[in-house]
Structure formats: C-alpha cells, structure tokens
Amino acid sequence: MSVDAGYYTASHHSPGTRSRQLSLSGIKMEEAEEQKLLDGKKEDRSGGKGNFRSNHNQNIGLLHRRALIFLALWYVFSGITLFLNKYILSYQNADPHVLCGMQMFITMCCGLFQLYFPLGTYQPVAAQQRPQNFAKNMFILGLLQLGTIMFGLVAIYFVAVSFAETVKSSAPLFTVLISWLILGERTGVFVFVSLIPVMAGLALCSSHELSFSMMGFLCALATNLCECVQSVVSKSLLSSRSYAYNPAELQFYPNMAAVMLQVPMWYFLVDFAKLQTKLDKNLMSAIFLDGISFHGQTITAYVLMSYISPVTYSVTNTVKRAFLIWLSVLLFGNPVTLWSGIGTVVVFIGVLLYNQATNEDARRRKQFSITQDSLTAIR
C-alpha cells in the first residue's frame, strides 16, 4: 500500500519536483546498498553466521538444537567432574592442591589444542588485534578460576557433595552483594524477598547436616564468591564489541596464568614424599579423566552462554545443582536428615523465586526507563 501511495503522490507533482524525488530516492537506495556491503564485510570479518559472538546466537533460547546439545554436555561433564573430584579426594586420598594444579594444567593443554582445532565450539575470527588489557583480563580470570577450583575441592574434601552443592546454590546472595558493591546496582523489593527462603533453607540445611564442617562450609561460600565474580568477568569479555573472545582463549590463557601462580605454592603446600607413594596408574588415570571432564564442563558452559539469557542460564544451573545433589546422595550414600532435605528444597525454591524476581525487576526497569532509541523515536 505504501508503494501505491508513493506512486500516486509522485504522479501529481511537477516534472522538476518528480526528478528531484527520483534523484533523492536513488541516493537513498545507493546508501542502503553501501550499508549492506559494509555489514556484509563486517560479518565476514567476524566469522560469518557461525561466529561464536554472532547476533544470531544471542539469547536464542533452549529451543535451538545446538543450545540443547551443549546444555546436555554441560550437565554430563559437570556430573563426571564432581564425582571424580570426590572419588580422587575421598577414596584415593589425593592432595587437593595437586588435583587443582593438574586440573588446570590439563584444561590449559586442551584449550591450546582448541585454539587451532575448535571442534565445533566456535568459529575462529581472523585478523583481530588483541586489546592492551588482554593479559590483565586473562590474569584476573585465571586468579578467579584458581580460587573457584581450589576452594571447591577443599569444600568437598571436608563435607559431603550434596551439602557443598547446596551451599553453592546460595549464589544469588553473592550476586546481589557483588552487584551492589562493584556495579552499584540497587536491588528491587521482590528480589530481596526472594532471598529470604534461600537464607532460611541454607541455615536449616547447615544446622542439620551430619557431615557439617566449618572449613568445608566457608570454602563452599568462598567458591560461590569467586564463581560469581568469574561469571561477571567472563560474560563481560564474551560480550565485548572491540574484541571477540572465544571459549578456547578463556580456557588456555587464564589456566596458564593460574598454573604459573600455583606451581610456586606447591613447594610450601605439597608433601612430595607422600605424593610419590600415592601416585599409581589408577590415580593418574582418574586425574587425567577429571581434567578432560573439567575442560568439557567449562567450555560447554561458555558456548551455552552465547545462546541463552543470564536468567535462563541461572535457572538451568539451579536445576543442574538439584540433579547433582540427589544423584550424589544415591551414589555415595550420603546420610541426609529430614530437616536437611527440607532445607535443600527450600533453598532451590528460593533460587527459582529469585530468578523470577530478577526477571520481573529487569522488565520493570526497562518498561519505565527512557532509552536513546525512545528519545529518537519521540523526536
């Protein structure tokens, strides 16, 4: 209908006016074609449609086939890593510091391999110039990953896997704290209310946990803090517009920095004489499989982040923790009291309410905020 209306208006103008309109429309068409060519070149430089940071991948959701595949792989690798960690630490009596170092070293090697052979996890971007703060970002991410792995291993060394995972489910508490201290964000009332069952369930679970240990409890909380900050830093790097970070880079360089940080610590923390007596074929095989599985867990999580929103990722992570908790109870036979089980359920209900409240809070902020696009549309 707009074409017919434009034709009718043009036919009733003078020849001079009509020629000026035709010339202006021609210029606009040329500008549109030039813009398409520029967009095409940008898409080619960024790796085409298969690029890890392509706009096609942003928040597509779990209906996408690749998103479902990487979600399933993330769950599988997370379960294997968690149970291998518990097996190596509890049944093989391995040193957590050694396991942490080997886990990061194997992940570093796998990340180096996938820099040259992506194996379908991302599309390489050619002719990129690294930003000046590249080394700084990788060092910070490596330090956070070292803290996440180290505190997590010490936690499950002292307490049951189910209890450690329940404590880790209190991540929304740290998310709100980090958002307030670092980003200066004010949390809505619904979000604060949703944190009440998380804190109540965590207190109920801790007070009735048979394997409770203050060291394990504090290390699980420290894991939460490091993991939340690491998630914020990782997402900010993956969403950078100046440089397209890929999952293999976030695997190789941070783990290389973490290994360089931890190797000197081994001199003071590891009993090498005792280590030599424990190293055998079974332990080395378990550590190798554990490192491969941890690499698969982290790189599939990075790929999954490119397909789903942060809220969806948080919900899927909550479901994963619930699955791992009850699976660990069945496999390891961890004794669970009635009140501890009720506390675990209350924690997860609170986490789901938190995710819903966060989504509602973001929707309201967007609804009542005035963006630059809205101002342009008004003008």
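The backbone N, Cα and C atoms fix where each Cβ goes, glycine too.
Summarising the annotation, TrEMBL assigns compositional bias 'Polar residues' to 11-20.
Per TrEMBL, domain 'Sugar phosphate transporter' is recorded for 67-355.
Taken from TrEMBL, the feature region 'Disordered' covers 1-20.
For 67-84 (among others), the entry in TrEMBL reads transmembrane segment.
The transmembrane segment annotation in TrEMBL covers 96-117 (among others). Within the chain, the transmembrane segment (96-117) has long-range Cβ neighbours (under 8 A, six or more residues past its boundaries) at 85, 88-89, 145-146, 149-150, 153-154, 157, 247-253, 255-256, 258-259, 262-263, 265-266, 269-270, 275, 287-288, 290-292, 294-295, 298-299.
Taken from TrEMBL, the feature transmembrane segment covers 138-160 (among others).
The transmembrane segment annotation in TrEMBL covers 180-205 (among others).
For 212-232 (among others), the entry in TrEMBL reads transmembrane segment.
The feature transmembrane segment is assigned by TrEMBL to 252-270 (among others). Below 8 angstroms of C-beta separation, residues 95, 97-98, 100-101, 104-105, 107-108, 111-112, 114-115, 138-139, 141-146, 149 of the same chain, each at least six residues beyond the ends of the transmembrane segment (252-270), sit close to that stretch.
Within the chain carrying the transmembrane segment (282-304), a Cβ under 8 angstroms from the stretch's Cβ atoms is held by residues 52, 66-67, 70-71, 73-74, 77-78, 80-81, 84-85, 87-88, 92, 94, 99, 102-103, 105-107, 110-111, 114, 121-122, 149, 234, 238, 247-248, 250-251, 313, 316, all 6 or more beyond its ends. Residues or ranges marked as transmembrane segment by TrEMBL: 282-304 (among others).
For the transmembrane segment (324-354), same-chain residues at least 6 beyond its ends with a Cβ under 8 Å from one of its own Cβ atoms are 78-79, 82-83, 86, 160-163, 165-166, 169-172, 191, 194-211, 314-315, 318. Taken from TrEMBL, the feature transmembrane segment covers 324-354 (among others).
Sequence-remote contacts of a segment are chain residues at least 6 beyond its ends whose Cβ falls under 8 Å from one of its Cβ atoms, and for the transmembrane segment (138-160) they are 82, 85-86, 89-90, 96-97, 99-100, 103-104, 167-168, 209, 211-213, 215-217, 219-220, 222-223, 226-227, 229-230, 233-234, 237, 249-250, 253-258, 261-262, 294, 328, 332, 334. With a threshold of 8 Å between CB atoms, the same-chain residues lying at least 6 positions outside the transmembrane segment (67-84) that come near it are 60-61, 156, 161, 165, 286, 289-290, 293-294, 296-297, 300-301, 303-304, 307-308, 316, 320, 323-324, 327-328, 331.
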